[in-house]
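Participant: My questions all concern the structure below.
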Amino acid sequence: MADHEAVKVLDLKGLPCPMPVVKMSQEIGSVKVGEVIEVHTTDPGSLSDFPAWAKSSGNQVLESQQDGGVIRIFVKRLK
Amino acid sequence: MEAALQEKLKGLMASKLSREMRLYLDTCARCGICIEACHAYASMPETRYTAVARAETIRRLFRRYFKAEGRLLPGLGETIELDDAALEKVHETAYTCTGCRRCMTYCPFGIDTQMIQGIAKLLLIGADREPKLLTMLADMSIAKGETIRDTKGAFEQAVRNLEAEVIEKWRGEAGREAIPVGVKGADVLYVALAGKHSIIPAAAIMNAAGEKWSLSYFEAVNFGAFVGNPEKTREISRRIIDEATELGVREVAICECGTAYRVMKHQTGRHPFEVISFVDLMERYLRDGRIRVDRAKLDGSRVTYHDPCQMARNGGVIEEPRRVLRELAGDFVEMRPNRGENWCCGGGGGLVAMGEKDFRMKSARVKAEQVRATGATVLATACENCHTQLSDLNEHYGMGVRVAFLSQLVADALVQA
Amino acid sequence: MADTIYFLILVPMVYLAAAVFVVGIVGRVARILASPPHGSTLRIFPARRASGLRALADTFLMPQARKHTPVFWVFLMLFHLAFLLLILGHLDLIPGVGLMPADSPHMLGGGAVGVAVTLAILYFLLRRMQGPVREISTLGDYLLLLLLLFLALTGGMISWANSWNQANGGFVISKQDFGAYLASLLRFDFASPRDLLPGSHYIVVVIHVFLANLFLMVFPFTKIIHTFFAMPLNRLRRG
Ligand code: SF4
Ligand code: SF4
């Protein structure tokens, strides 16, 4: 599993609902189209939230990895 | 404003004119009894924050386009035109109101300001001026109904990874999953939020009670309701209803999220299962002796409880949390007013999700004072939104309390049999 | 000329006002009943037993107002009770109703209810002209209160003049005269009211009836409609 070249890392661990997705949607505008943001979270819901968010907002989840309790999600800005 | 848009908005408004809505719009006597009811007005006395002024904005549009007297005599000071300036006002009125319905307990007719704001919110959606964040969150929830098949595996894996933390709080029987998912014929389907803080304590408690339960794939919160989009609200609850029906569960327990509970309990019609709040479940376990708690955990703490508006006044979960807290704490005190008359925390209606920190802090001054007056050190509540808002208030006003979920307090005090 | 206008106000306009009142209210209620029901509950909690009775109490005793605005509540109760008595008192003028003895020169309440209503209206006006209530008030709110005030004042004058009847026979219009006028209206005989109401303050009666006609005609189209909607609304709240 090769890491993706992320231009930004967001630490969203332990945030209340719905802050992880809110922060993500705010930050996606700060990178260029085609660039990748790496998200760190501990919320299991993020694993279905982020792909669903990506689908409805027209972006892409490249990959998610789980390492013990920490979840890493790579999101690519598509538009 | 273009004529076409105006027509569209009028149509949207018409779609909201139910019997009840017409009664609400027709009746206000502008007596002003509700003025002091709103926490926003009580914290910063500006007329625009009163329930009557908020509703009046919508009433004036209603009279202008739907009432003969408004069309004939627009000059009596009781109508406004649907234009950009009006929409600005509509926005302000809708998104400074938390939909707490406290004003309903003051009004001699019980006029439901939140329901009237439903028109405001729908107009904003129609004019593409609603808070985009809330729509985005609602869309995400709906998309999840479709993507869930692909993401199920990863979600289950993540849940497995949490089990160790559940077991720390409660050692279950060997061989039983600490967080069961997709259990056919489970007695309880527990609907949590994305965050692990809404899963781990609840899991420990249900395991301690020996419950046959299953964790929902979906999150309980309904952003369709926050943004006031009736179709999206329905679609979002539908996912959970379908899941519960498919698994054939007896009860659906909604996590500590007020809006989620109210929408599911009171606004989605009848189902083949019962809808309860997780607070009900905890209370039942304690009453039936299925779980035991150690009061020593809260020794030396004075505990008070904030009734979330959508749980208490608008949901009916009022005495259950008190019974739970009396089991947990030797020193439990009520804030005043409480129960159905409690002050709103100031975070509802989507405001927490939208940010709006400055307004949220200023408009909830009365809440901070009310909590401070109890002298409590622990402030318990049963709603994610309230928890976030109260934590922000705690910091902003230096309230010096520990804000805690009821489930967290119970899980921390579980006594291993 | 003046006599024609007085006649128009005292007879045809009364019929018109009554018709507008009835048709207006029926239309308004029909409009509501024709709309789709909301579908889910709008009640608030805690749930209490006997919710129907509680809705009734909410409607007629206004406990919410008593709790949050006690002084206002006193005047609200005073106003509504006195208004109810005034309606009864006016109906009692019709010969044969007999709430008061037929030969009594006084209306029900003997003028006191009129004073009570007037005081309450003055309080409402003063309250509306100050503080935050002033800011939520519309022109229509003041016009309605002024209409009520002048209605009550002219009614009070007529009632006061009544009390002179015995001492100054023929100078004023007696309760029985008003009875004859109302009976004539009910018979639709279009008799000249001037013949039935002989007093010199006839013009005050005309103004009073004119204002009452106006009141009936605006009733269905203003917030006074709460008379009919308070109960269903309180039932929604109690669930
Ligand atoms: S619903 Fe709550 S926030 Fe909205 S006007 Fe009423 S009291 Fe204020
Ligand atoms: S208390 Fe009710 S009737 Fe009076 S102004 Fe407020 S909403 Fe209108």
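Including glycine, each Cβ sits where the backbone N, Cα and C put it.
Bear in mind that TrEMBL entries carry predicted annotations, made automatically and left uncurated.
Pulled these features from TrEMBL for this protein:
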TRANSMEM  C:6-26  transmembrane segment
TRANSMEM  C:71-88  transmembrane segment
DOMAIN    C:77-238  domain 'NarG-like'
TRANSMEM  C:108-126  transmembrane segment
TRANSMEM  C:138-161  transmembrane segment
TRANSMEM  C:202-229  transmembrane segment
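In terms of burial and nearby residues, how do these features look in this structure?
Facilitator: Beyond its flanks by at least six residues, the transmembrane segment (C:6-26) meets 181, 185, 190, 192-194, 202-203, 205-206, 209-210, 212-214, 216-217, 219-221, 225, 228 of its own chain at Cβ-Cβ distances under 8 Å.
Across the domain 'NarG-like' (C:77-238), the prediction's mean pLDDT works out to 91.
Using a Cβ-Cβ cut-off under 8 Å and counting only residues 6 or more beyond its ends in the same chain, the transmembrane segment (C:108-126) has close neighbours at 72, 75-76, 78-79, 81-83, 85-86, 88-89, 92, 99-100, 142, 145-146, 148-149, 152-153, 155-156, 159-160, 163.
Beyond the transmembrane segment (C:138-161), the same-chain residues lying 6 or more positions past its ends with a Cβ under 8 Å from any Cβ of the stretch are 86, 107, 111, 114-115, 117-118, 121-122, 124-125, 128, 172-173, 199, 201, 204-205, 207-208, 211-212, 214-215, 218, 222-224.
Taking Cβ pairs closer than 8 Å, the transmembrane segment (C:202-229) reaches residues 6, 9-10, 13-14, 16-18, 20-21, 23-25, 27-29, 140-141, 144, 147-148, 150-151, 154-155, 157-158, 161, 173, 194 in its own chain, all 6 or more past its ends.
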